Structures are given as structure tokens and as C-alpha cells.
Amino acid sequence: MANYFNTLNLREQLDQLGRCRFMAREEFATEADYLKGKKVVIVGCGAQGLNQGLNMRDSGLDVSYALRQAAIDEQRQSFKNAKNNGFNVGSYEQLIPTADLVINLTPDKQHTSVVNAVMPLMKQGAALGYSHGFNIVEEGMQIRKDITVVMVAPKCPGTEVREEYKRGFGVPTLIAVHPENDPQGEGWEIAKAWAAATGGHRAGCLASSFVAEVKSDLMGEQTILCGMLQAGSIVCYEKMVADGIDPGYAGKLLQFGWETITEALKFGGITHMMDRLSNPAKIKAFELSEELKDLMRPLYNKHMDDIISGHFSSTMMADWANDDKDLFGWRAETAETAFENYPTTDVKIAEQEYFDNGILMIAMVRAGVELAFEAMTASGIIDESAYYESLHELPLIANTVARKRLYEMNVVISDTAEYGNYLFANVAVPLLREKFMPKVGTDVIGKGLGVVSNQVDNATLIEVNSIIRNHPVEYIGEELRGYMKDMKRIAVGD
């Protein structure tokens with residue numbers, strides 16, 4: 001199979017990368033009705049599989065799980081996930097032939113074998129669904145021409161898909177129809193109904209393409225969403241402990257600080273996050289973030305270039321063929337980091353203290369969001385896609401760190417995201433250790449500025465505020481957040 005994106009000419013590539021339209025709520029007036037009375041069979045019952053299925057069932061759909069016979073016989077975790085939640089479970093041969101919509105929610109590296117196994121069993125005119133287009137775009141999977149191929153891609157880990165649904169909301173979702181596979185012209189109706197059944201329409205859906213979803217998703221998860229949180233946690237913890245900060249306090253400031261800081265980001269963008277700081281702290285965070293952007297821009301651009309060219313995909317697939325040797329090795333190394341093993345503490349940290357004592361963390365968030373957004377848009381991905389894959393999804397990933405540190409983040413994201421995260425962090429950590437962290441102290445990470453006066457130069461503050469507020473990610477963010485008035489606030493801090 002050939003990389004689908006690389007078979008397109010430049011005009012077609014740019015057209016597919018630029019597909020992204022925010023859909024009006026009126027387009028979801030019938031919600032999930034198009035799929036009611038039809039049989040939905042999900043293949044795979046991991047984080048995305050289980051949680052999407054729970055939402056879809058609660059939305060009135062007929063949902064079953066098809067698993068490999070070995071998973072059923074051995075009662076593996078996927079079988080337990082489905083059975084313990086009251087779902088009908090069967091083998092491919094039992095469930096696939098009667099399914100109207102087969103949704104493949106297995107890990108990326110299993111997609112080719114899974115699709116090759118289920119496609120001969122699918123009835124004429126059925127639909128095949130994905131939540132990530134890697135198999136279509138990067139592996140070039142060819143689907144039988146009578147089958148409609150759609151995508152519904154929630155912009156967060158599977159656990160958060162469920163949590164946001166239970167809060168009465170949802171998560172922003174990209175939907176798409178593969179242009180090579182829409183024989184009956186019903187792809188968009190299927191995708192809209194599926195998205196509504198997960199609750200995505202409440203947060204906002206983007207009519208996109210498989211190509212735009214894959215390229216933007218890979219970039220976001222590798223850099224700001226996961227890679228920067230991992231690198232930042234590791235180097236900031238090391239710095240604080242080396243400079244005499246109590247290890248328990250240092251670890252807690254980071255583990256729960258990312259969530260607290262990015263919760264402000266979710267509701268008011270970088271502007272609001274920076275406004276939570278005093279004026280002197282805001283200027284300091286701005287200066288640090290500008291330095292970080294200069295230092296890390298080449299790394300962000302390299303990741304974007306490798307994603308667009310297909311180099312990242314081929315590298316990761318080579319590791320698949322090597323039994324994930326690199327992935328498992330990097331996972332084990334992460335488990336041994338000092339941050340992952342910090343001693344728990346009962347110390348209370350107030351919400352504002354996370355901002356006051358986490359100035360460097362705020363600088364890292366601003367720098368990372370803007371760098372990822374800039375790299376994506378410079379490559380032809382439009383602002384809406386770049387916003388969701390850089391800024392909006394960040395609080396959802398930070399929530400996972402708050403639960404069980406980096407372990408939880410890497411468990412709930414896909415193996416593809418985890419692999420890309422390590423590629424980024426493995427370069428970012430030594431880069432920051434050598435070029436940046438020796439120049440900072442506990443005034444920006446651990447203790448705060450400790451200044452008595454908030455007096456600053458007016459001209460400097462005006463210039464800083466103007467630069468922050470006039471970045472393109474802030475313009476598109478304000479527009480898109482206007483569609484998400486129902487976002488639920490989560491409890492942060494102690």
C-alpha cells in the first residue's frame with residue numbers, strides 16, 4: 001500500500017489540508033436519528049472504543065462489540081470492558097455481516113489486519129468508520145468501493161469523551177468522508193449522526209478531511225499536547241528539586257498545575273491564562289516564552305515536516321515491525337523519571353498559587369501552543385484545525401496528567417500519539433536542560449517572584465498585551481469558543 005497523501009498532486013494535497021468548516025448547530029437538528037434502528041458494531045474496546053460506545057448507547061443507538069475470537073475465549077481486557085458494561089459481544093463472524101456501520105476503534109497498528117479481516121464480512125452498502133485516518137492516509141488502505149468510509153474524530157482521549165458527555169457537553173470533533181468511498185452519497189449523514197451520538201455536536205463539529213485530521217492530529221499530539229507536557233514536567237521537576245524545593249510540592253505543582261493553568265486557557269485562550277498573573281509575572285512569562293519559541297521553533301518545524309513528508313509514519317511503522325522495541329523502551333524510561341516517582345504530599349496548593357509559582361509552566365504553554373499553531377498553518381492546515389489540535393485539546397490532555405501523572409497520559413492516548421510524544425520529548429528534554437533551564441530559578445518555577453510592588457513600565461505592558469492578544473490563535477479561538485458556551489468548568493487546585 002502507498003501513502004495516500006503522497007499519491008496526491010500538490011493542489012490536491014493543499015485542498016485536502018485546507019478542508020475545515022465549522023458546522024452550524026442546525027446541521028445536527030436530527031442528532032443521531034439517521035443511525036437509530038440500525039446496527040452499529042464497534043471493533044475494539046479500549047479507551048475510545050468503550051467510551052464512544054457508552055455515549056452512543058446513551059444516545060439511543062444499538063451498539064455491539066466485535067472482538068477477535070481469542071480475545072473472547074481468553075476474556076481479555078477488551079472483552080471485560082464490553083461485558084462489564086452490559087454490551088452484546090461477539091466474534092467478527094457473528095456480528096459484522098449484519099452491521100450497518102462497522103467502527104474500527106482498534107490501535108492504529110492493528111488497522112490493516114482488522115480491516116482486511118472485517119471487510120470480506122461486511123454486507124453490500126455498509127459503512128466503515130474510523131476515529132483517526134492514519135490507516136487511510138499514511139498506509140493507503142484500499143476499501144471496497146461499495147462501502148462508505150467516514151470518520152468521527154473526537155479531539156481528546158477516550159476517557160474525556162465520556163466525562164464531557166456525562167457533564168452534559170461533549171468534545172470538539174472532526175468529521176469527514178473519504179472522497180474515494182461515498183458510493184451512495186450518505187457519508188455525511190452517517191458521520192453527523194455518529195458525532196451527535198457521542199455528544200460532539202454540543203461542543204462543535206468541523207467538516208474536515210481524512211488528510212487534514214491526520215496531519216494536524218499527529219502534529220498536535222507530538223508537540224504541545226503530549227510532548228511538551230512530558231518534557232516540561234521532567235525538566236521543571238528536576239530544576240525545582242535541585243534548587244531546594246520540596247519534592248512533594250514540586251511534583252504536585254506540576255501534576256495539578258498543568259490542569260489548572262490550561263483550564264484558564266480553555267475558557268479565555270492565552271490572553272486569559274496570562275491575565276491570571278500579576279503584571280510583573282506576566283511580563284516575565286512573556287519574555288521566557290519568547291526565548292522558548294526561538295529555541296524550540298526548529299524542533300517544532302522538523303516534526304511538522306516529517307509528518308507532512310510521511311517520514312514520521314514510516315519510522316513508526318518500522319518500529320511496529322520490530323515489535324515496538326523503541327516504544328516499549330521509551331515507555332519504561334518514562335516510568336523511571338524522577339517526576340513519575342515523586343513522593344505524594346498532603347500540602348494544599350490554592351488555585352492562584354499554581355499560576356504565581358508556575359510562571360515557567362505558563363511560558364511553556366504559550367510558547368508550545370503558538371509554535372504548534374504556526375507550524376500547522378504554515379503547512380496549509382487552516383486556523384480552525386490548528387486551534388483544536390494545539391490549544392483546545394491541551395486542557396483535556398492535562399486532565400489525564402492530573403489523574404496519574406505521565407503514566408495516565410500515555411495510557412489513554414493512542415500508541416501513535418505516545419510514540420510521537422517520545423520522539424519529541426527525547427529531543428526537547430536535553431535541549432531544555434542544556435540551553436534553557438540553567439538560566440532560570442525558583443522565582444519562575446517553585447516559589448514565585450515574591451515582589452512587593454506590581455509596578456511595571458506602562459509601555460512595556462501595553463506592548464506585551466498587544467502581542468499576546470493579536471496572535472492568530474487568539475482570533476480564531478475567540479470565534480470558536482463563541483460556539484462552545486456550554487463548556488463545563490472542572491474543579492482545579494485544592
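Every residue number used here counts from 1 along the chain in the order it is shown.
Cβ from N, Cα, C; glycine included.
From a predicted model like this one, the values you see are computed outputs, not experimental measurements.
Under the heading active site, Swiss-Prot lists His132, citing sequence analysis as support. Secondary structure at His132 (active site), as computed by DSSP, is coil.
The feature NADP(+) binding site is assigned by Swiss-Prot to Cys45, Gly46, Ala47, Gln48, Arg68, Arg76, Ser78, Asp108, Lys109, Gln110, Gly158, with sequence analysis given as support. For Arg68 (NADP(+) binding site), the same-chain residues lying six or more positions away in sequence with a CB closer than 8 A to its CB are Ser91, Tyr92. Annotation note: Arg68 (NADP(+) binding site) sits in a coil segment as assigned by DSSP.
DSSP assigns Asp217 (Mg(2+) 2 binding site) to a helix. Cβ neighbours of Asp217 (Mg(2+) 2 binding site) (same chain, under 8 Å, six or more residues apart in sequence): His132, Ala153, Glu389. Taken from Swiss-Prot, the feature Mg(2+) 2 binding site applies to Asp217, Glu389, Glu393.
Summarising the annotation, Swiss-Prot assigns Mg(2+) 1 binding site to Asp217, Glu221. Taking the Cβ of Glu221 (Mg(2+) 1 binding site) as reference, residues of its chain lying under 8 Å away and at least six apart in sequence are, in sequence order, Gly227, Glu389, Ile413, Ser414, Thr416, Ala417, Gly420, Asn421.
In the structure as shown, the Cβ atom of Ser414 (substrate binding site) sits within 10 Å of 21 other Cβ atoms. What Swiss-Prot records for Ser414 is substrate binding site.
Here Swiss-Prot flags 14-208 as domain 'KARI N-terminal Rossmann'.
Per Swiss-Prot, domain 'KARI C-terminal knotted 1' is recorded for 209-344, and the stated evidence type is sequence analysis.
Under the heading domain 'KARI C-terminal knotted 2', Swiss-Prot lists 345-487, citing sequence analysis as support.
Long-range C-beta contacts of Glu393 (Mg(2+) 2 binding site), restricted to its own chain and to partners at least six residues apart, with a cutoff below 8 Å, comprise Lys155, Cys156, Pro172, Gly220, Leu225.
Predicted-model confidence for the domain 'KARI N-terminal Rossmann' (14-208) is 95, expressed as mean pLDDT. Surrounding the centroid of the Cβ atoms of Asp217, Glu389, Glu393, where the record places Mg(2+) 2, the chain contributes additional residues within 8 Å, namely Lys155, Ser216, Met219, Gly220, Glu221, Leu225, Ser385, Tyr388, Ser390. In the structure as shown, the Cβ atom of His132 (active site) sits within 10 Å of 26 other Cβ atoms. Looking at Cys45, Ala47, the binding-site residues in this record, the fewest other C-beta atoms within 10 angstroms of the C-beta turn up around Ala47.
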